[in-house]
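As structure tokens, the structure follows; a few thoughts come after it.
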There are 2 protein chains.
Amino acid sequence: MAHPVSPLAPKTYPELPTIRGVRFATAEAGIKYKNRTDVLLVGFDEGTAVAGVLTRSKCSSAAVDWCRAHLPSGTARALVVNSGNANAFTGMKGRKSVERTAELAASALGCKPDEVFLASTGVIGEPLDANKFEGVLEDMASRFTEAPWMEPARAIMTTDTFPKLAEAEVDLDGQVVKIAGIAKGSGMIAPDMATMLSFVFTDAPISAKALQALLTRHVATSFNAVTVDSDTSTSDTLLAFATGKADGIEPIESLDDPRAESFGAALHDVLFDLALQVVRDGEGATKQVAITVDGAVDDASAARIAKSIANSPLVKTAIAGEDANWGRVVMAVGKAGEPADRDLLAIRFGDLLVAEKGERAAGYDEAATSAYMKNQELTLGVSLHLGNGEATVYTCDLTHGYITINGDYRS
Amino acid sequence: MAHPVSPLAPKTYPELPTIRGVRFATAEAGIKYKNRTDVLLVGFDEGTAVAGVLTRSKCSSAAVDWCRAHLPSGTARALVVNSGNANAFTGMKGRKSVERTAELAASALGCKPDEVFLASTGVIGEPLDANKFEGVLEDMASRFTEAPWMEPARAIMTTDTFPKLAEAEVDLDGQVVKIAGIAKGSGMIAPDMATMLSFVFTDAPISAKALQALLTRHVATSFNAVTVDSDTSTSDTLLAFATGKADGIEPIESLDDPRAESFGAALHDVLFDLALQVVRDGEGATKQVAITVDGAVDDASAARIAKSIANSPLVKTAIAGEDANWGRVVMAVGKAGEPADRDLLAIRFGDLLVAEKGERAAGYDEAATSAYMKNQELTLGVSLHLGNGEATVYTCDLTHGYITINGDYRS
């Protein structure tokens with residue numbers, strides 16, 4: 001079932017660069033969807049480093065378990081992603097399905113199954129028949145290409161209404177290093193310690209250990225700072241692959257290398273861009289909302305308060321209705337369970353001060369605030385005046401579209 | 001703005017008994033609503049004990065602050081409740097408004113302001129003009145009555161689509177003691193340590209200390225076991241008043257008195273009945289859902305997992321769509337942050353086993369499960385097989401009605 005494209009979809013899509021050492025193909029394996037691609041196979045040259053961040057759900061999918069087991073090796077030769085079936089809560093069948101998929105990909109590419117990374121997204125609890133990949137993966141390997149990236153971005157979509165792509169370039173040792181990233185995600189989005197499906201590719205020469213450290217650092221302010229509906233997925237997976245094929249650059253072995261900082265900044269740009277696209281394609285979303293909390297006792301407390309606001313159905317429906325109902329923001333601060341002093345609290349919608357010191361601001365202007373709420377991109381600011389902790393969380397509104405999409409997704 | 005009456009509204013309303021020592025009146029003070037009662041004044045005979053449980057929101061309303069300050073005295077002569085304005089986040093104005101209201105009520109009834117208890121419900125952040133009560137409370141006191149209870153139940157409603165009443169009788173020393181309770185609540189319902197507005201009246205002779213102990217015990221499995229939308233209010237207030245006017249009964253001074261057990265059971269029946277009515281009037285609700293978790297490491301862990309399921313928008317929209325999407329229950333267990341072993345998990349919809357040992361149940365019957373989902377009252381059971389902890393939480397589904405009601409409530 002197709003849903004209308006999000007009004008927050010990008011007007012144009014970036015043309016991602018080819019990444020030396022990375023080739024891919026997509027195919028229709030008929031896993032759930034008809035007449036659209038639902039499998040992505042990516043091949044990597046030898047020597048590719050891999051790092052990843054995975055869901056901490058207690059009910060993680062079979063593919064997540066596989067990645068968790070194989071990430072410590074730090075090397076990858078292939079990535080297989082299927083949409084339409086999450087292969088989550090599928091027990092021994094799920095584990096066997098994952099093993100079989102890795103074997104088929106390894107055979108198609110001439111590598112070891114342990115060097116194949118996997119991700120699945122779609123319905124939970126439905127066994128995934130890996131035999132559907134038989135022949136398909138081999139055929140895909142025979143028609144590998146380096147572009148365009150639009151194809152892989154489309155093949156991993158489920159309820160997404162637009163493909164998600166981002167890129168960055170960074171200068172290391174006078175040479176240009178490229179980063180290309182894709183993501184999918186629209187509902188069941190509240191990455192608590194990881195993310196939805198996202199894959200980032202770079203030709204930078206960087207060790208798996210350094211890549212992992214950068215990924216872990218920058219996921220906190222990108223994917224872990226977004227929420228659509230507070231529902232953390234069983235399948236959240238962010239993998240980064242570095243082929244090291246950029247010419248004339250000494251490898252980055254650790255974060256002590258000063259170049260790790262600039263590479264990390266570029267990596268962050270890509271992760272943040274993709275995470276924001278996930279929010280902008282939030283199921284039923286019509287508005288993007290940045291929620292900034294400052295003056296908390298520490299950053300973690302600020303983040304929990306920001307998430308409490310971002311996940312409040314009453315705040316989200318008020319935003320959908322373009323109602324400057326800042327009383328609901330007060331409620332969400334109050335219920336967060338974090339230190340807060342009502343009588344010090346200030347709240348801003350955009351630059352408009354609506355409340356301070358525990359009551360409506362003296363200069364509160366209902367007309368101006370209501371006019372501000374008509375914007376497609378909104379900022380809510382909360383100042384606690386308790387300490388120096390701050391955090392920003394990104395979310396979307398809660399509309400009839402969300403109910404329509406999720407009242408009949410599986411059936 | 002009137003919303004359609006909940007399809008889960010009771011077919012008939014109980015006729016609550018008169019409670020000796022309790023008289024009341026309602027009035028239209030024009031606080032927000034037009035052409036409907038929005039103030040309730042209740043007067044108590046001397047010697048009435050009071051106990052209460054209040055929201056633990058960090059942004060509690062001025063009325064909640066007032067009650068918290070005066071509950072330790074344990075005695076009450078009056079209760080004033082207004083709907084339409086929560087008098088929350090109204091700063092010094094809110095405190096003055098509360099003081100003024102208590103003074104006006106005390107003057108009307110010839111008691112001390114400290115003996116007046118207060119509750120307000122409605123929009124947050126709007127100053128409440130207590131002068132609107134001037135004359136009104138005096139007039140109300142002049143026309144006090146003992147019945148019918150339907151009037152007070154209606155006067156405290158906001159987005160409620162039906163009034164909420166419950167009663168119980170219990171035999172103490174061969175005499176009948178009566179309990180009458182009313183409540184309001186429909187949205188912003190996730191009482192974490194307290195409840196929405198609810199008031200319970202009894203003629204039982206019981207000390208404030210014993211009444212408080214029973215109230216605290218029984219709120220855990222009644223009001224604290226329901227959630228509509230995960231949004232804990234700034235104004236949650238449960239107050240119980242015991243006039244002691246029942247004849248020929250020795251007072252219950254502490255829980256060591258064996259009669260406290262039977263009185264407590266009757267009190268629980270009233271609290272549970274009212275709490276369930278709040279869920280059944282959940283904004284936009286079309287189904288009532290009981291979520292039972294057993295086999296958790298302890299009861300608190302079971303309750304947190306049950307709340308995680310009950311508050312998941314994806315679980316709630318699936319129920320609205322009558323979709324037996326148990327994969328979303330798996331997701332909500334996984335995200336709860338509590339001990340759980342995916343491969344031991346079993347899930348039941350009603351008596352139908354849908355998943356066990358980490359995968360779809362062998363005898364899973366999609367047609368039977370889909371047919372079950374068409375019921376108006378559903379039970380979801382999750383067995384963790386880790387320990388003896390168990391809990392049940394009650395919620396409703398998430399529908400277009402919730403979005404409609406909350407997208408334009410304040411405007």
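If you go along the chain as it appears here, the first residue is 1 and each next one adds 1.
Glycine is treated like the rest: Cβ placed from N, Cα and C.
A TrEMBL annotation is a machine prediction, not a hand-curated record.
Taken from TrEMBL as is:
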ACT_SITE  B:THR195  active site, nucleophile
BINDING   B:THR158, B:LYS184, B:THR195, B:GLU283, B:ASN406, B:SER411  substrate binding site
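Features as recorded by TrEMBL, highlighted on the structure.
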residue	record	DSSP (3 states)
B:THR158	substrate binding site	coil
B:LYS184	substrate binding site	coil
B:GLU283	substrate binding site	coil
B:ASN406	substrate binding site	helix
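Note: B:ASN406, taken in sequence order from the binding-site residues B:THR158, B:LYS184, B:GLU283, B:ASN406, have a C-beta within a distance under 8 Å of a chain A C-beta. By neighbour count, meaning other C-beta atoms within 10 Å, the densest spot among the binding-site residues B:THR158, B:ASN406 is B:ASN406. Here the binding-site residues are B:LYS184, B:GLU283; the one with the fewest Cβ atoms within 10 Å of its Cβ is B:LYS184.
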